[in-house]
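Heads up: the structure comes next, in C-alpha cells.
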Amino acid sequence: MVVILIIPLISLLRLRIIIIIIIIIIIMQSCNHYFVVQFNDNKGDLTLQHAFKSMANHAGEADAITLDGGDVYVAGLKNYALQPIIAEDYDTCYYAVAVVKKDSGFNINELKGKRSCHTGLGKSAGWNIPIGTLVSMGQIQWTGTDDRPVEEAVSEFFSASCVPGATRGSNLCAQCKGDCTKSHSEPYYDYSGAFQCLVENKGDVAFVKHVTVPESEKANYELLCKDGTRKPIDEYKNCYLATAPPHAVVSRKDTELADLIYTSLTTNLDFNLFSSEGYGDAKNLMFKDSAKKLVRLPSTIDSFLYLGAEYMSIIRSLKEGKSSSVETGAIKWCAVGKTETTKCDTWSIDSIVGDGKTKIECESAATVEECVKKIMHKEADAMAVDGGQVYTAGKCGLIPAMVEQYNEGISTDGSASSYYAVGVVRKNSGVTWATLQGKRSCHTGIGRTAGWNIPMGRIYKRTGSCNFNEFFPQGCAPGADPTSSFCSQCIGNNKTVGDDTKCRASSEELYYGYAGAFRCLVDGRGDVAFIKHTIVPENSDNAGPDWAKNLRSTDYELICPDAPNAPITAYETCNFALVPAHAVITRPELRNDVVKILQDQMFQSDEGKNLLFKDSTKCLQEVPSGTTYDQFLGPDYMTAMSNIRNCAETVSGLYYCGFGQEYQDNNPTAQIQFFKTTHTHTHTHTLNTHLFSNLMSKRFSFPFH
C-alpha cells in the first residue's frame with residue numbers, strides 16, 4: 001500500500017532526508033507496504049490531473065485523494081469519472097461571503113473597477129463562488145473559454161487584485177504582498193490572508209468565509225448581499241454568495257474499495273485525524289481542523305449530486321460563461337417510465353411551433369431519482385414532482401419553478417395550491433387510526449407526500465420508532481427495497497412472471513401513485529391507502545379507468561387521527577395535513593426559461609393516471625422568483641420531514657445529494673492520496689492502518705507551510 005501526502009515544496013533537501021528515513025523504517029517493518037511523500041510545486045492542477053488519471057485507469061496505482069469542491073467537480077468529469085465516497089462533517093455550516101469596510105459605500109452591483117482580495121485561484125469561497133456568481137449575475141462579462149480565459153475577464157473587471165496562484169506579473173497578482181503563490185509564502189493567501197489584504201487597504205472587497213472576520217473587528221466591516229443591500233457580519237445567513245461543499249475523499253466507483261478506505265480512516269486510529277497541532281504553524285493538514293467526523297456517502301452519489309445544483313451552476317458559469325438559456329430553444333422534460341414517456345412524446349409533437357421546432361423534448365428514466373440525477377447532469381431540464389420529491393430535489397439544489405393549480409379560479413390571485421393527505425379504508429372494515437397497527441398498507445411511493453411522508457411522520461410521532469415494517473407488517477410502497485415487507489403486496493405490471501417492475505417507483509408498478517395506492521386497497525392487497533383527498537371520487541361512481549368503473553365512493557371512508565372515521569366527502573375535517581401541490585423543478589439557471597416555455601399545458605392522461613402532471617391540474621402557476629424548496633414546502637412540512645428523514649425506509653438514494661450545500665470547504669493546504677499495490681498472490685485491497693497511524697503520530701520539527 002502506498003500513501004501519498006501532497007505538501008508544498010518547502011525545505012526540499014530537509015524533507016528528502018526525512019522521507020528516506022521514513023521509507024526505510026516502513027520497509028523494514030513491512031515489505032508489503034510503503035509510504036511516499038509527493039511535493040506540490042504550486043502546479044496543483046498538473047498534480048491533481050496525474051492523480052485523477054492514476055485513480056481512473058484501474059491499474060492499481062492510486063486509490064483515493066481528498067479534494068475541495070472545485071476539484072471534486074473536475075474529478076467527476078467523464079474523462080475521470082471519479083466519485084466522492086467520504087465527506088468531512090462539521091458542527092456548523094460555512095458560507096462564502098463578500099466582506100467590505102463599513103464606510104466604503106458601494107454594493108455588489110458596483111464592484112467593477114474596485115480592488116479585490118481572494119483566498120486563492122480555484123478556491124471555493126475565494127474564487128469559484130464569487131467569480132461564478134458575478135458571471136452568472138452578468139456583472140463580469142464573459143461568454144466562455146472560447147472567448148478568453150476567465151482570469152482575463154476578471155482582470156478587466158477589477159482594477160487590481162491579489163489572487164494567489166494567478167500568473168505572476170499579471171493584474172491578478174498586483175495587490176499581493178509576496179510571491180503570489182498559492183501557499184503561505186504569500187501573506188495574503190487563504191482566508192486570513194485575503195482579509196488582511198482588505199485590512200491593509202490593498203483591496204476594497206475580500207472574498208472569504210463567514211467566520212473569517214475576527215470578533216473584535218466585526219463592527220468595522222459589512223457583507224455585500226446579492227440583492228444589492230449590505231448587512232452586518234453576523235447576518236451572514238441572510239447575506240451570502242453561496243454555501244460551499246465540504247472536503248471530500250474521492251475514489252473510483254468501487255464499493256468494496258470505498259468501504260475499505262472508510263474503515264481504515266475511522267477505525268482504531270491512535271491519533272487525531274482532524275488536528276494539525278504539532279506540525280508547525282500550518283492548519284488543515286490532510287483534513288480540515290474543524291472537521292468533527294467523516295461521513296460515508298452512498299454509492300448513488302456522484303460528484304454532481306454531491307456538490308448540488310447551486311454550486312454546479314456556479315462552476316458551470318466559470319467553465320461555460322453566462323449561458324442560462326436552453327440551447328435548443330426547448331426544454332428537455334424528464335418522464336418516468338414507459339407510459340409517461342409515451343405521453344411526453346405526444347406532448348413534444350403537439351408543442352411544435354411554426355418554424356417546425358418543438359418546445360418540449362423528452363428524456364426518460366426509470367425513477368424520479370434518476371430524473372433528478374439527469375437534471376443535475378444537464379441531460380434533462382425539468383419535471384413535475386410531489387412535495388416529498390420537491391424536498392429531495394431541493395436538497396440537491398434544484399428549485400420549484402411552477403406549481404400545479406387545481407382551481408383555475410384562484411390561479412391568478414397568488415393563492416398557493418394545495419390538497420389534503422388522507423387515509424382511506426373500506427367502510428365498516430373496523431380499521432381506524434387506533435387499530436391501524438398490524439394492518440397492511442398501500443402507499444403512493446417511498447418519500448412521497450400524501451402516501452408516505454405525512455402519514456409515516458404521524459406514525460413516527462405516535463410511536464417514536466422508525467420500525468415502520470413492524471407497524472405495517474405487509475404493504476406496497478413503490479421505491480422501497482425489493483426485499484422489504486413494503487414490497488410484499490406490490491404486483492408490478494401484473495403481466496409476466498418474475499417481473500422486475502414489481503415495487504418500482506414508476507407507472508410500470510400498477511400500485512404506484514395515487515390511483516395505484518387506491519387500487520391496491522380495492523384489490524384487497526391492503527387495508528388502508530394513503531392518498532390525496534380527490535382520488536376516491538375520481539376513481540368511482542362511473543369515473544376513472546376500467547378497474548374502477550363499478551366502484552362506489554360510499555363503500556369507502558376516511559380514517560381521522562383524532563376522531564371516528566368519516567365519509568369520503570369530509571376531507572376538510574378528517575385528514576392528516578394540508579400539503580403543497582406538485583411542482584415543476586429545474587436547475588436555478590433555467591428557471592426563467594422553463595416558466596416561459598411552459599405556457600401550453602397537457603393535463604389529461606389517456607393511458608394511465610396522473611402522467612407527467614396530475615390529471616386534476618387546471619393550469620400551472622408561477623412560483624415567485626427566488627423561492628427555495630423549503631420556503632415552497634413551508635415550515636409544517638419541513639418539520640414533518642425532520643421527524644422521519646433519518647428513518648431507514650424514508651432515506652432516499654439521494655439523501656446526501658447536495659451534502660455540500662450545507663457546509664463550506666475550508667481549503668486545506670495539504671491533501672492525502674491513498675495508493676495501493678497489487679500483490680501477485682492476492683487481489684484483496686489492504687491498508688496497513690497500524691503503520692499509517694504510527695507514521696502520522698510522529699512529530700516533525702519543521703513547519704508544513
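Heads up, residue numbers simply count up from 1 along the chain you see.
Glycine is no exception: its Cβ is also placed from the backbone N, Cα and C atoms.
Taken from TrEMBL, the feature domain 'Transferrin-like' applies to 18-320 (among others).
Within 10 Å of the C-beta of C197 (disulfide bond) we count 29 further C-beta atoms, all protein chains included. Per TrEMBL, disulfide bond is recorded for C117-C197 (among others).
Under the heading hydrogencarbonate binding site, TrEMBL lists T119, K123, A125, G126, T444, R448, A450, G451. Cβ-based neighbour count (10 Å, all protein chains) for G451 (hydrogencarbonate binding site) stands at 30.
If you draw a 10 Å sphere around the CB of C162 (disulfide bond), it holds 31 other CB atoms from the protein chains shown. The annotation disulfide bond is assigned in TrEMBL to C162-C176 (among others).
The secondary structure of C173 (disulfide bond), as reduced to three states from DSSP, is helical. Look at TrEMBL and you will find C173-C180 (among others) tagged as disulfide bond.
Summarising the annotation, TrEMBL assigns disulfide bond to C225-C239 (among others). Under the three-state DSSP scheme, C225 (disulfide bond) falls in the coil class. Counting every protein chain shown, 19 other Cβ atoms lie within 10 Å of the Cβ of C225 (disulfide bond).
Taken from TrEMBL, the feature domain 'Transferrin-like' covers 331-646 (among others).
A 10 Å cutoff on Cβ-Cβ distances gives C371 (disulfide bond) a total of 26 other Cβ atoms nearby, all chains included. Look at TrEMBL and you will find C334-C371 (among others) tagged as disulfide bond.
Summarising the annotation, TrEMBL assigns disulfide bond to C344-C362 (among others). C344 (disulfide bond) falls within a helical segment according to DSSP.
TrEMBL lists C396-C657 (among others) with the feature disulfide bond. In this structure, C396 (disulfide bond) belongs to neither helix nor strand by DSSP; it is coil. Neighbour density for C396 (disulfide bond): within 10 A of its CB lie 30 other CB atoms from the protein chains shown.
What TrEMBL records for C442-C520 (among others) is disulfide bond. The number of other Cβ atoms within 10 Å of the Cβ belonging to C520 (disulfide bond), over all protein chains shown, comes to 30.
Here TrEMBL flags C466-C647 (among others) as disulfide bond. C466 (disulfide bond) is surrounded by 18 other CB atoms, counting those within 10 A of its CB over all protein chains shown.
Per TrEMBL, disulfide bond is recorded for C476-C490 (among others). Neighbour list (C490 (disulfide bond), Cβ cut-off 8 Å, at least 6 residues apart, same chain): C476, P478, K502, C503, E509, Y511, C520.
Taking Cβ-Cβ distances under 8 Å and a sequence gap of 6 or more within the same chain, the neighbours of C487 (disulfide bond) are C476, A477, A480, D481, K502, C503. Under the heading disulfide bond, TrEMBL lists C487-C503 (among others).
According to TrEMBL, the Fe(3+) 2 binding site annotation covers Y514.
According to TrEMBL, the disulfide bond annotation covers C560-C574 (among others). In sequence order, V422, L558, I559, C560, A563, N565, A566 constitute the residues six or more apart from C574 (disulfide bond) in its chain with CB-CB distances below 8 Å.
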Overall pLDDT of the domain 'Transferrin-like' (18-320), taken as the mean:
80
Within 10 Å of the Cβ of C362 (disulfide bond), how many other Cβ atoms can you find? Include all protein chains, please.
20
Of all the recorded positions given, A125, C173, which residue's CB has the most CB neighbours within 10 A?
A125
Under DSSP, is C371 (disulfide bond) helix, strand or coil?
helix
In the structure shown, with every protein chain counted, which of the disulfide-bonded residues C117, C180, C239, C334, C476 has the densest set of Cβ atoms within 10 angstroms of its Cβ?
C476
Name the residues of the same chain, 6+ apart in sequence, whose Cβ is under 8 Å from the Cβ of A450 (hydrogencarbonate binding site)?
D386, Y419, Y420, A421, V422, T444, Y514, F530, I531, K532, F576, V579
Once the DSSP letters are reduced so that anything not helix or strand counts as coil, what is C574 (disulfide bond)?
coil
